[in-house]
């Protein structure tokens, strides 16, 4: 005979409660009992019951629950269930954090993380095998575009598994802001109908609504060389710049530019010469928007870092040399101001394309989706790696599905406003995937390869390295609790299947680009998991958050170019530059989408501060607490540093990094 105290917690999201009756059973090592409760779960509440059970159940293993329904299924979002047994037993926690639907029986195991065992009669082993079999039927792979990473099989968000969907608050906010943005775009377009569109100041006609302090500074200083160079280090795309070890072969210096060669070689000898090469764009077909051809280029920018730490452009080559064309002109800061400005605008347009498609969509969104689908297919809820990763894949499948159906489909936003739309974006993504290496996703390797370690003023590099170190300590702390040696890593069949699913299936045979197909040691596993968590959190924060700052003033990052690149310098006029930059319709659309995707999300969960308690082990909870402490310390360091800066770098402040890719 024993008295059990049961607490059932319901989620706080809209419609998380249910009017349906819920039935519960307790399952222990020595018996099972029906609690015969008439539970009606209410949103955001925890209901507590006490129940006397005549038989000895032994250590609790599972809670089984069943939600009955009559005519209409009223789903219930169960957070967790805790059970306090007789004095001899500790409190047991049964994490759920999912929707309970229909009237099938859901079996929740006790929350202690466990690796797979070899005993086929073990109840937990049977449970995890059954769970994975069911999940593989629910979470299926699909090919979005040939030659790109696989995605979740869902034609639209309604096809997604219920537990991958936005909660109602998120859905209402997302769809509401889309409608508000569409209205703002109409108002701006109407406002400009009777206005001119032939000088830079005319962009002020649409520069109202959602903007911030940094966006205003960009509007004021977008023509400055210093701000142009700064963006390669700390803008919304800090991933392309690299330190030169030799002059690029594509940089053909014609006669009469001996002084420029001398300057470049001097900077090269001083290790202060940098380059940003957009060659990936060479040959990508450009879009046609409303019957008008758009244009793309593949620029090369050479920059120097002066003694004060400013990164300044020295020369721009808008197009690479071609045997069938004359030697492309080189644009210099000493050229006529409008010619130099137009050359920089071509660079900023090219950076927009690579940022959005290569570094944002592919290297964070699509990679995170591969990690998410593989996790759901290969790792049961009891697995410690599942418990580690599941908070970092929240909403990712839905935001990516919406991107494929709203942003990137035929006739979508990319086709309406972006120069790589109309199919060029798919060609570019395929090229980018061919260059995507495992090392490029890990800041210590990536920054070392690009020669940026210790570079003055490289705030992204500094903060990314610190966050990588903090994340690595967190991952190592969790993994070492469950994998006591390399042999345990090698002998985990679920973990090894997960690794192969990511590399061979989701990433389409990426082992030739350094991605592992097995884990042979604790260190190798920890490094890979650190990459996964970092990609889904900090890296996406660095790439996504700056859009509102740097893209709101459209001339600073034009989404398309409407005239071909200049071949001469003397005849560039204001009309030439304005005729090249986006028209009012394209500019309005860029501003609206920038605001929608770059704004802080109202239900944002900061890095490491998820409320779900998947681990019940006190040691694992202690590791998470230390992770949170380390993040808070870094937050204070970044805040103190930013107070001394004219342009604070905040994209990697832990409190501003979302815990998963949700936008």
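Glycine is treated like the rest: Cβ placed from N, Cα and C.
Those TrEMBL annotations? Automatic predictions, nothing curated.
Pulled from TrEMBL, these are the features on record:
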DOMAIN    2-114  domain 'PLAT'
BINDING   17, 75  Ca(2+) binding site
SITE      99  site 'Essential for stabilizing binding to COTL1'
DOMAIN    114-663  domain 'Lipoxygenase'
BINDING   360, 365, 540, 663  Fe cation binding site
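Counting every protein chain shown, 25 other Cβ atoms lie within 10 Å of the Cβ of residue 540 (Fe cation binding site). Same-chain residues with CB within 8 A of the center of the 360, 365, 540, 663 CB atoms, the Fe cation site residues themselves not counted, are 361, 364, 368, 399, 543, 544, 597, 661. Counting only the Cα atoms, the space from residue 360 (Fe cation binding site) to residue 99 (site 'Essential for stabilizing binding to COTL1') is about 30 angstrom. Proximity to residue 75 (Ca(2+) binding site), defined by a C-alpha to C-alpha distance within 10 angstroms, is shown by the following recorded positions from 99, 365, 540, 663: 99.
The domain 'PLAT' (2-114): residue composition by secondary structure is 0 helix, 60 strand, 53 coil, according to DSSP. Cα separation, residue 99 (site 'Essential for stabilizing binding to COTL1') to residue 17 (Ca(2+) binding site), rounded: 10 Å. In this structure the alpha carbons, written CA, of residue 663 (Fe cation binding site) and residue 17 (Ca(2+) binding site) are 26 Å apart. Residue 17 (Ca(2+) binding site): 20 other CB atoms within 10 A of its CB, across all protein chains. For the binding-site residues shown (75, 663), fewest C-beta neighbours within 10 angstroms: 75.
The separation of residue 17 (Ca(2+) binding site) from residue 540 (Fe cation binding site), Cα to Cα, is 33 Å. A distance of 31 Å separates the Cα atom of residue 17 (Ca(2+) binding site) from that of residue 365 (Fe cation binding site). Other Cβ atoms within 10 Å of the Cβ of residue 365 (Fe cation binding site), summed over all protein chains shown, number 24. Of all the Cβ atoms in the protein chains shown, 21 others lie within 10 Å of the Cβ of residue 360 (Fe cation binding site).
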